[in-house]
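J.: Reproduced below are the annotations present in TrEMBL:
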ACT_SITE  LYS115  active site, charge relay system
ACT_SITE  SER190  active site, charge relay system
ACT_SITE  SER214  active site, acyl-ester intermediate
DOMAIN    60-512  domain 'Amidase'
Amino acid sequence: MLSSAHAPRLVRFPSHCLLRPINSLHTAQSSPLPTTTAPSSQILTIRKSLLTKQTTAVDLAKSFLDRIRRTEPQLNSFLYVSPDDVVLKQAEELDNKIKNNEQLGPLAGVLVGIKDNICTSDMPSTAGSRILKNYRPPFDATAVRKLKQSGAIVVGKTNLDEFGMGSTTEGSAYQVTANPWDLSRVPGGSSGGSAAAVSARQCVVSLGSDTGGSVRQPAAFCGVVGLKPTYGRVSRYGLVAYASSLDVIGCFGSSVADAGILLHTISGYDKFDSTSSKREVPDFTSQFAGKDYLESKPLKGLRVGVICETFGDGVDPEVILSVRGAVTHLEELGCFVTEVSLPSFSLGLPAYYVLALSESSSNLSRYDGIRYGNQVLEDELNSLYGHSRAQGFGSEVKMRILMGTYALSAGYYDAYYKRAQQVRTIIRDSFKAALERNDILISPASPSVAYKIGEKKDDPLAMYAGDKMTVNVNLAGLPALVLPCGFVEGGSTVLPVGFQMIGAAFDEEKLLKVGHIFEHTLQVSSAVPPLVADELTR
C-alpha cells in the first residue's frame, strides 16, 4: 500500500540531472561515439523496401546471414542458426509472392531470433540445458506459429541461462554470450542472446521470456527496447516452464515500433493455454505517429509516478543521473511528474525467489530421463533419475530446485511459500493503488550498467539483487517497457542505460505510445555498438 494519503510531491529534477548530450561523453579515442538520429522501424522499412522492389527478401536474408557469420564468433548470441538454404528458400518464396502480387503478412521478410526455451518444430529447443541436448519439439510454440504465419523468417535460436535461471547468460550449458557494446561484459539474462542479437543487428527482432526481468534487464544492458507484456496477453504454449505464474514471452526490437508490431503479432487468446486472456488485442501500431505530427507537448496531462524506492542505496549514481534525465525529458513533453512511494517494493525480491524457485522445483520434476530429458542407462530407477539429472542440470538449476523443494516441504510451506504469496498480494495491491493515481510508473531497469563477465558468477546473492527493479512487475502481472535513456563511460567504450516504464494491466498501448514519443524526441535509442558500426560500413 502507499505509505501516506497526502498529495504526491511534484518532482523537479535540477538542471544538472538532464541527460548529457552524447557528444559530451569522453571516451578512449579508439571507441566511436554512438549516433543520435531518431530510431526508425526496421520492420516497416523492410516492408516498404520489398513492396517498392528496392531490395529482395533473398538479398536481405543474405545480408543478415553474412553479418551473423562475421559477428557470431565474437558474440555467441545463437545456439543454433538455421542453414542458409532453408532461410533463403523461405525468402525466395516471399519474393515470388511479391512478383505475383500476393498479399504479404505484416512481418514478411523480417528475420527473427527465438530464445531457445521457446519451442520450434524444425530446430533444437534445449532451454540452454544439457538435459535437453538435441531435443527437437514436434510442434511450434503458439508465438512462433503466429510469427511464421505473418511471414517472418526464424533465423535461429538464441542463447540463455539454463531454463531461464540467471541474469547474465553465463549460466548456459553451452557458451557465454558477450555484450555487443563491450565484449568483456555480459549482455544480461536470461534472454541475453536475444538482446545481443538485436543489438548487434544479427536479426531484426527477437523473442525472449521474462520471469523476473529476463527481457527488460538485457534490453537495458544491450541498449535495445525490451517489452514485457501483461501476464496472459501472449500464450505461453510452447514456452519451457520455469515459474508458470510468472513466465511471459516478451519482445526485443531496436525501436518501440518494432517491439509493438512484434507484440501485436504474437498476442491473443489461445485455447492451448488456460492462462491466456480473451481480451481483444488493440492495434498497437496506431500509436506510432511520426515526429513531424507531434504537438509541442505531446504528452500533456500524462501522470507519471517515479518510484522513490528505486533510487536509493545500491543503484549506481550514473544510472540515477540518466534515468532522472529521462524523467526530466518526460516533463518537457508535458507530463505531470510526482514521486510515488511503494514501501512493499523491497519485499518483492525475497518473495519472488521463494515463489519462482518453488514453481521451478515442481516444473522441472518432469525431467527424469524417461518422460523428458536425455536418459542415462542404469539398472535401478532411482539411479536413472539421479544420474540423468546430475549430468543434465547445471549447478544453478540444481541449487534452485533444492531451494524450491525446501520451501514447499512439510513444516516450511506456511513459513515461506504461503507468506510469499501473501506478500505478492500486497505488492499487487500497492501497484494497483499507485496506477490509479498515475498513468505510468518509472524506475531504472537495473541498478547498474552491464558488468564484466565472471564478475558476479560466484556471488549468486549479488546477482539476484540485480533483479530488484524488475521482479515486482512479474509478481503483479503488469506490462513494462524498457528504453535506452543514455550512456555512461565504461572503460574503453560507452555503455547504455535503460529505464523502465510500468503500466496498468493490459495497457501496453499507452506504454508504447509514451515510449515511441520519448525515443523520437530524445533521439538516443538508435545508437549502435562499435561492433555494429564497423559491420554497417562494410
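Glycine is treated like the rest: Cβ placed from N, Cα and C.
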J.: Within 10 Å of the Cβ of the residue listed as 'active site, acyl-ester intermediate', how many other Cβ atoms can you find? Include all protein chains, please.
T.: 36
J.: What average pLDDT does the predicted model assign to the domain 'Amidase' (60-512)?
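T.: Averaged over the domain 'Amidase' (60-512), per-residue pLDDT gives 94.
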J.: Determine, to the nearest whole angstrom, how far the Cα atom of SER214 (active site, acyl-ester intermediate) is from the Cα atom of SER190 (active site, charge relay system).
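T.: That comes out at 5 Å between the alpha carbons.
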J.: Rounded to a whole number, how many Å is the Cα of SER190 (active site, charge relay system) away from the Cα of LYS115 (active site, charge relay system)?
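T.: Approximately 9 Å lies between the Cα of SER190 (active site, charge relay system) and that of LYS115 (active site, charge relay system).
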J.: Just to be sure I understand the packing, how many Cβ atoms besides its own are within 10 Å of the Cβ of SER190 (active site, charge relay system)?
T.: 34
J.: When a 10 Å sphere is centred on the Cβ of LYS115 (active site, charge relay system), how many other Cβ atoms does it contain?
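T.: Step by step: centre on the Cβ of LYS115 (active site, charge relay system), count other Cβ atoms within 10 Å, giving 32.
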